[in-house]
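Here is the structure we will look at, set down as structure tokens.
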Amino acid sequence: MTGDKDPQSVSRPNYGSISHPPSSEPQQEPLRTTYLSEKIPIPDTEPGTFSLRKLWAFTGPGFLMSIAFLDPGNIESDLQAGAVAGFKLLWVLLWATVLGLLCQRLAARLGVVTGKDLGEICHLYYPKVPRTLLWLTIELAIVGSDMQEVIGTAIAFSLLSAGRIPLWGGVLITIVDTFFFLFLDNYGLRKLEAFFGILITIMALTFGYEYVVARPAQVALLQGLLLPSCPGCGRPELLQAVGIVGAIIMPHNIYLHSALVKSREIDRSRRPDIREANMYFLIEASIALSVSFFINLFVVAVFGQAFYQQTNEAAFNVCANSSLHDYAKIFPRNNLTVEVDIYQGGVMLGCVFGPAALYIWAVGLLAAGQSSTMTGTYAGQFVMEGFLRLRWSRFARVLLTRSCAILPTVLVVVFRDLKDLSGLNDLLNVLQSLLLPFAVLPILTFTSMPALMQEFANGRLSKAITSFIMALVCAINLYFVVIYLPSLPHPAYFILVALLAIVYLGLTTYLVWTCFIAHGVTLLAHSSHQHFLYGLPDVEEKGKISG
């Protein structure tokens, strides 16, 4: 095993050269027709000094990225964590957010240093078959995330209309509102980023209101936040802890963030400018994810205070004796612990704290669904253009993604019930966790390559932390598989699972192999994969590499 600074990696021409910005294609018109069509200029300030003006110029991509930490899937995971474990899992939420920040830091750094997003670099470095499989997994993650947004938005419309808008009607409304929000592109990048900021503010105010009225016990809350323990916890709490990690770190978000940072004008021929951009993007991402953490904390704390170990019978009685007594029927009359979801959670808030709490909850849920819709659209566009070099209009792209998301959701709503819809939301959180290696492994691979990143390649500490994240994710996924296999309804499903597992493990093994090569394990470097050690020669940079 050799060190990271192989001398050949310095002397050979490479894709990530800072003095000569790379280009994977001959000079063409830009592929982007949205977001990246406009570049935000960075003001000149005195070198070596911190500038709020400059921080403001860099502010935007991190907050758009943070919306994936606040989508309806996260909200459902939060409220279930509170209802199942009280405040005991707040420390898991905290450290999952920190791990998410570390992954997003790598994504931003890759985009700043190379001038290309993760999808584009995957297109350059991976052969056709693994590249195509990798693209399909990320598209699956995007569709899964979009399904969660459809579910959350539909439930929000149902709550706001007091049930007058059926769930299937709310699902269909999401088709229209998505295209409406896409028109925001026409009003400029900063206005679009400001709109996302407004949606995040709405979530902070609405869920913060619930936190204030619930008045959680602050001492117990701080203990749950700062002490990494879970006294008296069993399998349900462990499953919920795993669900928190799966909901927080989203695979498509890593691809998204690496593209969003390209919206700022950065002189990549100057190392100080790159170093400065990395610093400001890290500060902005830290602020954005701090805001998202507190919003998630509000939700966990509210349900941990009001609904921890609550029984269905108690929930029924509370609602039956409130002004929202018509909703009491959604809780079965038994002594089992209530299994809350984003619909029942809103109803319970209204029953306990008054109707205003229900409607405010629904507004926050609507903001979460709508903001996630837009970022999911951008992620899909960046991933498709990066991997396939295929240019689609944003309308065609969102129509494809939303159609794939709406069809299964409508089928569940029409032929099953609300409980199955919420169960689908939980299953989608599991899916995001299973697909996470297909984002973390590539970002760890490419940000660890000195030939690509030069002096900005990962150091030993960064490699160790990211490798720990990868090992944690793999352990979580293995645990999920062991837990869910016995619940398969028919032996024939085992054949399907086995076939999918072969593809999954094969692609994961390939990505791990190339990751080791990028870390300097030269013994594994086949002649066809030398570019993971030394970068791409000029002929490959010009798009002439085959496969």
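Placement of Cβ uses the backbone N, Cα and C atoms for every residue, glycine included.
If you check Swiss-Prot, you get these features:
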REGION    1-30  region 'Disordered'
TOPO_DOM  1-54  topological domain 'Cytoplasmic'
COMPBIAS  21-30  compositional bias 'Low complexity'
TRANSMEM  55-75  transmembrane segment
TRANSMEM  82-102  transmembrane segment
TOPO_DOM  103-139  topological domain 'Cytoplasmic'
TRANSMEM  140-160  transmembrane segment
TRANSMEM  165-185  transmembrane segment
TOPO_DOM  186-193  topological domain 'Cytoplasmic'
TRANSMEM  194-214  transmembrane segment
TRANSMEM  241-261  transmembrane segment
TOPO_DOM  262-286  topological domain 'Cytoplasmic'
TRANSMEM  287-307  transmembrane segment
TRANSMEM  347-367  transmembrane segment
TOPO_DOM  368-394  topological domain 'Cytoplasmic'
TRANSMEM  395-415  transmembrane segment
TRANSMEM  433-453  transmembrane segment
TOPO_DOM  454-464  topological domain 'Cytoplasmic'
TRANSMEM  465-485  transmembrane segment
TRANSMEM  493-513  transmembrane segment
TOPO_DOM  514-547  topological domain 'Cytoplasmic'
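Tertiary proximity for the transmembrane segment (287-307) is limited to same-chain residues at least six positions away from its ends with a CB under 8 Å from its CB atoms, namely 62-63, 65-67, 69-70, 74-75, 78-83, 85-87, 89-90, 93-94, 97, 100-101, 104, 200, 203-204, 207-208, 210-211, 214-217, 221, 224-225, 248, 315, 338, 340, 345, 348-349, 352-353.
Summarised by DSSP class, the composition of the topological domain 'Cytoplasmic' (368-394) is 22 helix, 0 strand, 5 coil. Across all of the topological domain 'Cytoplasmic' (103-139), the predicted model scores a mean pLDDT of 93. Sequence-distant contacts of the transmembrane segment (465-485) (same chain, at least 6 residues past either end, Cβ-Cβ under 8 Å): 99, 102-103, 106, 239, 242, 245-246, 249, 430, 433-434, 436-437, 440-441, 443-444, 458, 494, 497, 501. It is 55-75 that, among the stretches 55-75, 194-214, 493-513, forms the most Cβ pairs under 8 Å with the transmembrane segment (241-261).
Outside the transmembrane segment (347-367) by six or more residues, the chain places 72, 75, 152-153, 155-157, 159-160, 199-200, 202-203, 205-207, 209-210, 213-214, 302, 306-307, 310, 315, 318-319, 322-324, 327-328, 330, 338, 340 with a CB less than 8 A from a CB of the stretch. Within the topological domain 'Cytoplasmic' (103-139), the DSSP-based counts of helix, strand and coil residues read 32 helix, 0 strand, 5 coil. When the topological domain 'Cytoplasmic' (454-464) is classified with DSSP, helix, strand and coil residues number 8 helix, 0 strand, 3 coil.
Same-chain residues lying 6+ beyond the ends of the topological domain 'Cytoplasmic' (262-286) with a Cβ under 8 Å from its Cβ atoms: 18-19, 21, 35-36, 38-42, 47, 54-55, 57-63, 65-66, 101, 104-105, 108-109, 111-113, 115-117, 189, 455-456. DSSP states for the topological domain 'Cytoplasmic' (262-286), grouped as helix (H, G, I), strand (E, B) and coil, give 18 helix, 1 strand, 6 coil. With DSSP classes pooled into helix, strand and coil, the tally for the topological domain 'Cytoplasmic' (186-193) is 7 helix, 0 strand, 1 coil. Long-range Cβ contacts of the topological domain 'Cytoplasmic' (368-394) within its own chain (Cβ-Cβ under 8 Å, at least 6 residues beyond either end) map to 25, 31-35, 64-65, 67-68, 70-72, 74-75, 116-123, 131-132, 134-135, 138-139, 142, 145-146, 148-150, 152-153, 156, 174, 177-178, 181-182, 184-185, 196, 199-200, 203, 252-253, 255-256, 259-260, 400-401.
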